[in-house]
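Report on the structure given below.
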Amino acid sequence: MPGVIPSESNGLSRGSPSKKNRLSLKFFQKKETKRALDFTDSQENEEKTSEYKGSEIDQVVPAAQSSPINCEKRENLLPFVGLNNLGNTCYLNSILQVLYFCPGFKSGVKHLFNIISRKKEALKDEANQKDKGNCKEDSLASYELICSLQSLIISVEQLQASFLLNPEKYTDELATQPRRLLNTLRELNPMYEGYLQHDAQEVLQCILGNIQETCQLLKKEEVKNVEDLSTKVEEYQKEEMSDNNSMEMDNMRHSEDYKEKLSKGNGKRKSDAEFGNMKKKVKISKEHQSSEENQRQTRSKRKAAGDTLEISHKIIPKHISENESTRPSQRKSKVKINWLKSAAKQPSILSKFCSMGKIATNQGSKGHCKENEYDLEEDLGKYENDNTTNDCELESPGNNDMPVHVNEVKPINKGAEQIGFELVEKLFQGQLVLRTRCLECESLTERREDFQDISVPVQEDELSKVEENSEISPEPKTEMKTLRWAISQFASVERIVGEDKYFCENCHHYTEAERSLLFDKMPEVITIHLKCFAASGLEFDCYGGGLSKINTPLLTPLKLSLEEWSTKPTNDSYGLFAVVMHSGITISSGHYTASVKVTDLNSLELDKENFVIDQTCEIGKPEPLNEEEVRGVVENYDNEEVSIRVSGNNQPSKVLNKKNVEAIGLLGGQKSKADYELYNKASNPDKVASTALPENRNSETNNTNGTDESDSNKESSDQTGINISGFENKISYVVQSLKEYEGKWLLFDDSEVKVTEEKDFLNSLSPSTSPTSTPYLLFYKKL
């Protein structure tokens, strides 16, 4: 190689293999450079296309186009609060909206919450006891569902009231977050952990079942407390009877001493004046002593009662004054507790004197005299209503000359308590009767079962389609099935034959029988579950779950009567007030919405506490979320939900600005902005604390002198506290604003609330075709 380099001959240059290598290297280098040039050209082209696309996007979707959407939202914003979707929680939001508008549910939850708040205070006092630690944790976990429901109800009512008073504060949407209730459900049932889609009927049964268990737990504790109270009352009565017996003995002793004095002064014997049967004071001589003794015996037998009445005027005040001087505190505590005595027991001397009205008590204001009274009244105050305590006539310390009233022990009024404890039983729970009739001996056997919902089919079974006999269905076969047909399938007469024969106790062998299902007790609200999901015959289900959707339409009436399937004749009729719709293909996918009819607004009673934003309630007040909690919550969303990260380090892009976030679609067409922005607006006390009517503001400013100082003083007074007239004006304004929606149907799609016409609602309820959105749960209330 060193000899080849300096050579300049043409032959060597032509036959040199190194020259070919150089050419080959140059060839590869040209290819690489060409690729590099092509790559740079493509980058330039991409930059040009990106610039072009960016300009095209800016022209097609300008930032100014989002403002009409906001204006349209502001005009169409309704005074009804929606619920934010927290990650596939449409099944929970639809059920909560129905329960919120269910008649009697909110008042029952509030009553239970008041009982639980008192129980929590009692449990805090017993926190140091180790034996009852597990019971406390279980009870507090079951109590938390009621507290979460009450917290959600308060937040919804407060948000609704603040919107009606200041609608300009809410421009985007009116919704709150059921996060506390969702966390409580996850603690009670781990099935709801995560962000999977669940069945709306299952979550309804879970909520009602836990409420029922809580009511039973409270009822057991109430019965136990009443038993403890009755034992205390019995102990007090025993002590009182023993004290009364001691008082009787003292009275006997004092009367004997007095009789001895009289007998000594008159020269009579002690036996002549026993047990109060004393004779008149007459002067007798020693000569007629024997004849007078016989007269005294006959007269004492005839005038025993009369002499007692005459001498009682002289003896009783002396004994009472002596008793007051010797034992004042003991006597006063006995008199105060006399209203607990039973009149069926043997009356004592003190009760006789009280019944005659001869005793006038002198009740002082000493504190140590009332210790027993206060202890008993505190125990009774926990379990009695105010009406029961008012009936008992206890004397005030200031009355010195009032007679003592001895009353019987009155039973504790537990009517309101029982209604609160039977919230689920009264509203949602009915009773079915399963009758089985033997076809040989015609004997009947009945079995009763409780129900909270009725599961009815939406189409005929395949076996019934094959068989042409339609003995089960009372109606002829039609293409469009009705709800009455579905209920008749539920309450149909079933004939037990073949291998499934019935063992009759009278016949002592297996016989053919007929079995029917009838309604014996009907609740206030009937929940009808339409069996829209069936096991799919496909071996592989791409959607998962294994339950496919049946989109067969079912004619659903607005009014319903179950007299045909009842055990006894009844005139009760039910009206449809809520429907939970499901749109989708399988049970593990799709979206739930709720349609509710707004009724009974004339009898609407709003809580005045919801108009006071600066509340100090710790248990029932909804807890606002700070920025850190919102970060953790939003980041935990699954892939199906749109996650929005709020952080100071990560700057948001120009394309995803605040206005475009509002148009991001969530589950089921939900168009909701970020939860943290909405909650900061809803939970801002400064904006809501200054809520007042425009008319009230004008009237208040007209009464002032027109100075800025008076205006500032009035604004500060409005923020610190509002007078009673302001409360009444606000409540009347809110009620009048809500009355506009009387009888209208509202569609709750998570955070969105819309008004639907009755015609459109009926078309969606009973469609002519087979749509993907069908009714799933029907709620009828008693008219």
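Every residue gets a Cβ built from N, Cα and C, even glycine.
Record features (Swiss-Prot):
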- 7-16: compositional bias 'Polar residues' (COMPBIAS)
- S16: phosphoserine (MOD_RES)
- S42: phosphoserine (MOD_RES)
- 45-55: compositional bias 'Basic and acidic residues' (COMPBIAS)
- S67: phosphoserine (MOD_RES)
- 81-783: domain 'USP' (DOMAIN)
- 250-273: compositional bias 'Basic and acidic residues' (COMPBIAS)
- 284-296: compositional bias 'Basic and acidic residues' (COMPBIAS)
- S473: phosphoserine (MOD_RES)
- H591: active site, proton acceptor (ACT_SITE)
- S766: phosphoserine (MOD_RES)
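For the recorded positions H591, S766, the greatest number of Cβ atoms within 10 Å around a candidate Cβ is found at H591.
The secondary structure of H591 (active site, proton acceptor), as reduced to three states from DSSP, is extended strand.
For S766 (phosphoserine) paired with the residue listed as 'active site, proton acceptor', the C-alpha to C-alpha distance reads 19 Å. Each residue in the domain 'USP' (81-783) has a pLDDT score, and their mean in this model is 67. S766 (phosphoserine) carries neither a helix nor a strand DSSP state and counts as coil.
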